Structures are given as structure tokens and as C-alpha cells.
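Residues annotated as active site, proton donor in Swiss-Prot: Glu29. According to Swiss-Prot, the feature active site, nucleophile maps to Asp41, an assignment based on experimental evidence. According to Swiss-Prot, the feature substrate binding site maps to Lys53, Gln54, Pro55, Tyr56, Trp57, Ile58, Asp59, Tyr84, Tyr92, His105, Asn106, Gly107, Lys119, an assignment based on experimental evidence. Per Swiss-Prot, the feature disulfide bond maps to Cys21-Cys98, Cys24-Cys130, Cys26-Cys33, Cys38-Cys47, Cys60-Cys80, Cys70-Cys76, Cys94-Cys112; the stated evidence is experimental evidence. Per Swiss-Prot, domain 'I-type lysozyme' is recorded for 14-130. The feature N-linked glycosylation site is assigned by Swiss-Prot to Asn75. Swiss-Prot lists 1-11 with the feature signal peptide, giving experimental evidence as the kind of evidence.
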Amino acid sequence: METVSVEEGLDFAPGMVSQKCLLCMCKLESGGCKPIGCRMDVGSLSCGYFQIKQPYWIDCGKPGKDWKSCSNDINCSSKCVQQYMKRYATHYRCPLNCEGFAREHNGGPNGCHSSRTLKYWELLQKIPGCKGVKFS
């Protein structure tokens, strides 16, 4: 599959999550869409552009060489997000828009329906260029 570059140097994998939505999620997760390595988050390590935890990487099909290197590679990590959404967003009948995907990413399986992921969506909407992001 072909990748789409939304900003110089950022080649997101294609899929059901729009490139704009991936960019907004990436900016929120890594403070500007950067390969920031791993850090502790709610008792376990979260890594890379999308702050992917190991169970998330396993659930997305273990793309790439390993969890940490995939998380710090923009194409591999965005492929993981796309595959995770293909697996869970449809299964849990999440809204197939940026809000549904962002909340599912933040909250895990069925996170799109959890009130605890609303704050994440509100934070994403405050990122310049991300307010009102739907599909494009």
C-alpha cells in the first residue's frame, strides 16, 4: 500500500483513519508528532509517535521488527494504529470518524464509548488545525 505524506517527513500508513486525524493524534501523543522514545504512562511504558503500549502493538498484529522500534517509526506506528482500528473500532461499533478513532486509541477496546476518553478528544481539538477534524 502507498503511504501519504501530510507533512514533510511524515509518511502515515493508509487505512480507515484519515491522514489528518492521524496527524492530530500523533501531535497530541508525542508533543508535535516526534519519535520521543518510551515513557511511563499509567503504570506501563508507552512508546513513540503514538505512545503505543506493548499490548496495543500485539493487538494491532505486531507490525515491524519489535514493539519499541515500530513505535518510533512513523509508518510502522501509523500502520499499527490503522490495524488496531480495523480490528476494534468496527467490532465495538465506534463512530467511524476522528473522534471515534481517537477515543478508541486512547481508551483501548471499546474506549470510544467510555466517558473517560472525552477529555482526550477535547485536548485533541485544542491542537492548532485539529478543531472539527472529521475525516479529512
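For all residues, glycine too, the Cβ spot is worked out from N, Cα and C.
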Proximal residue to Tyr92 (substrate binding site) among disulfide-bonded residues Cys21, Cys24, Cys26, Cys80, Cys112 (C-alpha distance): Cys112
In three-state DSSP terms, the structure that Cys76 (disulfide bond) belongs to: helix
Between Cys24 (disulfide bond) and Lys119 (substrate binding site), the C-alpha gap once rounded to whole angstrom: 15
Stretch-averaged pLDDT - the domain 'I-type lysozyme' (14-130): 96
Among Asn75, Asn106, which are recorded positions, the residue with the most C-beta atoms within 10 angstroms of its C-beta: Asn106
For Cys38 (disulfide bond): DSSP state (helix, strand, coil): strand
Those recorded positions, out of Cys38, Asp41, Cys47, Asn75, Cys76, Cys94, that come within 10 angstroms of Asn106 (substrate binding site) at the Cα: none
Nearest recorded site to Cys76 (disulfide bond) by CA-CA distance, among recorded positions Glu29, Lys53, Pro55, Trp57, Asp59: Trp57
Spatial separation of Asp59 (substrate binding site) from Cys70 (disulfide bond) - C-alpha basis, Å: 14
Of Glu29, Asp41, Lys53, Asp59, Lys119, i.e. the recorded positions, those within 10 Å of Cys80 (disulfide bond) when Cα atoms are compared: Asp59
